[in-house]
């Protein structure tokens, strides 16, 4: 019973982190699916989302508004708007002018953008860790108080539910809406979609905006869950989310979700049963193994050579 | 662009050389190397504030042997790679005395360069024993060692008769070094160590670690490392209802831990150098800091002040600004400083330095624990 509770606790920890990895991974995978480039500045967009949310929360608090649902919704909307415009602007400034050139050029442009945004926040907000207010506190406890107690906090529940809503909305959007259909068309064949009258530039911008908005959601959730943010935290999260996207099959949206969850659980079980020191070793070994046996990732489709 | 890069480079280096030559004439340059930016910049602030004050006061009293001290400041971001770059540029700039670095992991690689290039270094903050273990002639410190701080923490924990103790560290030189010292002390006293584990500095999610601590049913957790990670561990532990007492070294004892951990920082135990700013003989100095609007209570302010003063006193006693002569004077002399009477052993460590256990409060204040 004890061991089972311990295992479930580590599983919950892993799924919590994993679902936020998934939210960030969507941005990588959608952009890759459509224009075949890796947007290295995506982690920074997520970090900017978290900063915006924190600024909004602090702003509301100074205005005397503390009603939790309102604070969360306003913070979420602010973060999504700022991050989306940032995502849009990054594409417009750094990627569109070099689109269609050699593959390395947009990649380098993306790395440059990532460094630029990171240092911009360093300068604007300072390099110190900033505490994030714990807005959602408390939770459920399972098990008897004298032995190991499993805890499921309201914050973790919020993360699960929000992720679930975002993922379902995205799936519906991609499969049902006009823009979603256009997205799928563009990812299959950009040139052909263009010929058929789809405004591909708009669709590509839309992908960046959607990815950035989801990253902003993750930024707010993780900021509250962890308790502090700093200008570098987008980099590490971005790396993990990118790994999740590759693990699940880059270019595939369900793959990104699956990859995120697997990565989160693998990390948490490694820390729980081996040692926290091996966390990254195990998750990256997992990545290498999967890529050895299934180079396109778990749910990725093999790339058909287009003639 | 028609100007060739080569020409430009020649022009720039020539002008730098001119500037350096101009400075070297009648001044003694003191390099101050530490983090001005980055996650531990607040400790750097203490270091710079203390060293600047000492330079100012020594100059106001006529300088050293008629020459003025000039502070030259360098930012190493508490990054070992950056520290090496800083050390090299400091040597290039012709600086012969350094107050720094702050982080042990920066001090170690930088000190190799200083020793080779004949630069005298006094670190006001690096506590890793390794730094003075290599038989270097020009390396000193104005702070104690992990091997002194570890036993103080270990003995304190042991005196509380804990059932089981967990030790966590950030795998960096400072954190792991001090955690190892605590573990050895506890083991020698027969206390059961339930866990000895590293985390990655910069990580934000400690839920797995905390679950593990709960499972291990520990009543004391010692953390070797800095405040950004411990702050998050405290906060996440409180949310997960982990009921254990936390303790850490002086690297966690600053007010930033309160902004991260909030209420959860209440009751944290910290080993710190004694509050030099509360000593009666330092009150005049404290007023000088307050007059400038600076806070002298940080653990590294007066150690940095002392480092500058020791360089000045060493030069006076040696009657020369040759680093090797000054080092000899420091090794043999006895000096009265704001942190007490300083005497050095042959390794460059102070013969005595005391650490005290404090209890930290959620408003950022601290009270000594007996």
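Note that the numbers count up from 1, one per residue, in the order the chain is shown.
Placement of Cβ uses the backbone N, Cα and C atoms for every residue, glycine included.
Just so you know, TrEMBL annotations never went through curation; they're auto-generated.
It should be emphasised that the depicted structure is a prediction, and the values quoted were computed from it without experimental measurement.
Within the chain, the transmembrane segment (A:20-38) has long-range Cβ neighbours (under 8 A, six or more residues past its boundaries) at 45-46, 87, 95, 99, 103, 106-107, 110, 159, 163, 166-167, 170, 183, 186-187, 190, 203-204, 207-208, 210-212, 214-215, 217-218, 221-222, 225, 237-238, 240-242, 244-245, 248, 250-253, 255-261, 263-264. Summarising the annotation, TrEMBL assigns transmembrane segment to A:20-38 (among others).
For the transmembrane segment (A:45-65), the list of distant contacts is 24, 27, 71, 74-76, 78-80, 82-83, 86-87, 90, 117-118, 121, 125, 130, 132-133, 135, 211-212, 215-220, 222-223, 229, 231, 233-235, 237-238, 241: same-chain residues at least six beyond its ends, Cβ to Cβ under 8 Å. The transmembrane segment feature in TrEMBL is assigned to A:45-65 (among others).
Residues or ranges marked as transmembrane segment by TrEMBL: A:71-90 (among others).
Tertiary proximity for the transmembrane segment (A:102-121) is limited to same-chain residues at least six positions away from its ends with a CB under 8 Å from its CB atoms, namely 35-41, 43-45, 47-48, 51, 86, 90, 93-95, 231-232, 234-235, 238. Per TrEMBL, transmembrane segment is recorded for A:102-121 (among others).
What TrEMBL lists as transmembrane segment is A:154-174 (among others).
If one looks beyond the transmembrane segment (A:203-226) by at least 6 residues along the same chain, the residues whose Cβ comes under 8 Å of a Cβ in the stretch are 16, 20, 23-24, 26-28, 30-31, 34-35, 39, 42, 45-54, 72, 75-76, 79-80, 82-84, 86-88, 90-92, 96, 132-136, 155-156, 158-159, 162-163, 166, 170, 173, 179, 182-183, 186, 193, 237. Taken from TrEMBL, the feature transmembrane segment covers A:203-226 (among others).
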